[in-house]
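Everything on this sheet refers to the single structure shown next.
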Amino acid sequence: MSIKYVATSKLPTPWGIFAMHGFEDTETGKEHVALTYGELDAKTPVLGRIHSECLTGDALFSLRCDCGFQLQTAMQNIAEAGSGFILYLRQEGRGIGLLNKIRAYELQDQGANTVEANERLGFAADMRKYDMIAPMLAHIGVTQVRLMTNNPRKVKAMQDVGMDVVERVPLQVGKNRYNEAYLKTKSDALGHMMSEVHFNDDHQD
Ligand SMILES: Nc1nc2c(ncn2[C@@H]2O[C@H](COP(=O)(O)OP(=O)(O)OP(=O)(O)O)[C@@H](O)[C@H]2O)c(=O)[nH]1
């Protein structure tokens, strides 16, 4: 893994003006982004999130998952806190890629759950790796984190690269009639800590 910093620009959003830092994995060609807000101080715990790409949820308003809701809430929380970061990692579909995720969704439309669908396609339930986060966090100057996630594997990934995760901040938003079973499988089979996901089912057919 070789991560190269490329450039930084402003990213105005509904929640405030973030800075957007672009990185390239020169071995795989994958392009990753770190968003930062406010001043980050290596001596102070920073509110942050590692977010894996979900084109359908983050950009296409899908209600099949909670991804878009989590991303927006994380950005809002960071802006309200006055500082923070999001590492936006290009590992779509828990690492299987967009087209395979659509294949998996096709199987889920026929009754498989999110784990079974991956496995029927010959993939592990979660193929993600987090080795790119160390150079990205080093670049933005973060060492202590209040990590917004329900996923214990992300906490471990941070700790494995030497980050001090001073707190796990639950990010339980976006539950609706279309993703209820998906969230239950994440909790039952993938170990996500999701006891109190907020039910915001105001979406009609
Ligand atoms: N293979 C597969 N991937 C999915 C499905 N639904 C969502 N995803 C992907 O799951 C990933 C979710 O990423 P995150 O929201 O960062 O992480 P998480 O593991 O849910 O953990 P949190 O930090 O608690 O949100 C994204 O890469 C999505 O594209 C699905 O049904 N099948």
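The first residue you see is number 1, and the count goes up from there.
Including glycine, each Cβ sits where the backbone N, Cα and C put it.
Record features, source TrEMBL:
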| type | residues | note |
| --- | --- | --- |
| ACT_SITE | Asp126 | active site, proton acceptor |
| ACT_SITE | Arg128 | active site, nucleophile |
| BINDING | Arg49, Ile50, His51, Ser52, Glu53, Gln70, Glu92, Gly93, Arg94, Thr114, Thr149, Lys154 | GTP binding site |
| BINDING | Cys54, Cys65, Cys67 | Zn(2+) binding site |
| DOMAIN | 7-170 | domain 'GTP cyclohydrolase II' |
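Non-local neighbourhood of Cys65 (Zn(2+) binding site): Cys54, Thr56, Gly57, Gly174, Asn179, Tyr182, each in the same chain, at least six residues away, with C-beta under 8 Å from its C-beta. Across the structure, Asp126 (active site, proton acceptor) and Glu92 (GTP binding site) are spaced 11 Å apart at their Cα atoms.
The secondary structure of Arg49 (GTP binding site), as reduced to three states from DSSP, is extended strand. The two recorded residues, Arg94 (GTP binding site) and Cys67 (Zn(2+) binding site), have Cα atoms 11 Å apart. Listed in sequence order, the recorded positions among His51, Cys65, Asp126, Arg128 whose CB lies under 6 angstroms from an atom of ligand 1 come out as His51, Cys65. When Cβ neighbours within 10 Å are tallied across all protein chains shown, the highest count among the binding-site residues Arg49, Arg94 belongs to Arg49. The candidate set comprises the recorded positions His51, Arg128. Of these, His51 has the most other Cβ atoms within 10 Å. Each residue contributes its Cα atom, and for Arg128 (active site, nucleophile) and Glu53 (GTP binding site) those atoms are 11 Å apart. Put simply, His51 is the one of the binding-site residues Arg49, His51, Glu92, Thr149 whose Cα lies nearest to the Cα of Cys67 (Zn(2+) binding site).
Other residues of the chain with a Cβ within 8 Å of the Cβ centroid of Cys54, Cys65, Cys67, the Zn(2+) site, are Thr56, Gly57, Asp58, Ser62, Arg64, Asp66, Gly68, Gln70. Around Thr149 (GTP binding site), a 10 Å sphere centred on its CB holds 23 further CB atoms from the protein chains shown. Proximity of Glu53 (GTP binding site) to non-local residues of its own chain (separation of 6 or more, Cβ distance below 8 Å) is seen for Tyr88, Leu89, Arg90, Gln91, Glu92, given in sequence order.
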